[in-house]
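Asker: The following block contains the structure, expressed as structure tokens.
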Amino acid sequence: MTTPLLPGTWLGLLGGGQLGRMFVHAAQALGYPVMVLDPGENPPAAQAADAHLRADYDDAAALDRLAERCAAVTLEFENVPAESLERLAAHCRLAPGPEPVAIARDRLREKGFLRDHGIATAPFAEIADAGDVAEAVEAVGLPARLKTATLGYDGKGQVAVDDELLADAAFQELGRVPCVLERQVALAREFSVVLARGFDGTVTPFPVVENRHRHGILDYTLLPAAIPEATAAAATDLARRVADALDYHGVLAVELFETTDGEVLVNELAPRPHNSGHITQDACITSQFEQQVRMLCGLPAGSPEPLTGGAMLNLLGERWAGGEPDWPAILAHPAAKLHLYGKAEARPGRKMGHINCLDADPAEALATAEAIDRLLGRTEG
């Protein structure tokens, strides 16, 4: 049995981004001080944290100091060196553990893991070098997407492929690094399941949310997803099976596709809170970030039940192209909840914040989000 860590216990966090910032806020609300390890000078999470250990993620002395101060450590992004996670796990509680993170950070390992556990994905094949391209195209079929095995996010590290010549060119474009070629399935919609899984194996899923992307980056999330009950149940069951197969501890996001044939497929995993779970901050009894704190500390999960319907709108850096957005006009919408990440520089495609819009009728919440989107100067394309 895992000993619960009580308020007042120091918690550690690897990574200083916006997900970490929101974890820090949730931990502090429950009475836990947080130390953040991040190499940046003043990253979003460090602005809110009780202590900032400025060091690289492979700095052994810094990792040891984090483990000495903190009874438990979690992460806000998965691209932490495996050796660093193993070092921490040897000296303090770490959730999630090194193995699930290693699987989720590598698309090839992730796809292979899902296949080996009978969890449906789009057809895929490995490309380790240029000689594998033709065989992969033959096995998977076209059209497809070529994706780097590691370091891909928000549409980065992937190229659409319509013929074998393009596949060769795409492999060159991506730097001839290990890749996965994945068949492009006919999509009806995209959705995700964020869940919490405790050290005792108890799984607590949030309602399924529907996701709409733009240029490969999440644009809107709708809670609950406007999908049949049977589809939601199938998605939740798949996510639960993934978490159990990983023997996962913490908050896990499972991104899924529904094909035009009605098949539900797992797309990818995130071993941490997820952009699509931000709506839980205002629309659910417990947020994904509070669940992350609870799971790390060995506490019971909070209720994931929704208090209302909601729609989340991502705020990217291009919204600042003409200067600071008109926040008073945006907040004139009484059901709009603004969350900014404390980033000093706005760049196109950079996540600067999000707005959660609430309404008992999810369609009305979406209408409010769309009205704010237009107010912010939405551009087409």
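Glycine residues also receive a Cβ, built from the backbone N, Cα and C atoms like all the rest.
Grabbed the feature section from TrEMBL, which reads as follows:
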type    : residues                                          : note
BINDING : R107, K147, 152-158, 182-185, E190, H213, 267-268 : ATP binding site
DOMAIN  : 111-297                                           : domain 'ATP-grasp'
Asker: Counting other Cβ atoms within 10 Å, pick out the least crowded of the binding-site residues Y153, N267.
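Answerer: Fewest other Cβ atoms within 10 Å, among the binding-site residues Y153, N267, is found for Y153.
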Asker: With H, G and I counted as helix, E and B as strand and the rest as coil, say where DSSP puts E182 (ATP binding site).
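Answerer: In the DSSP reduction, E182 (ATP binding site) maps to strand.
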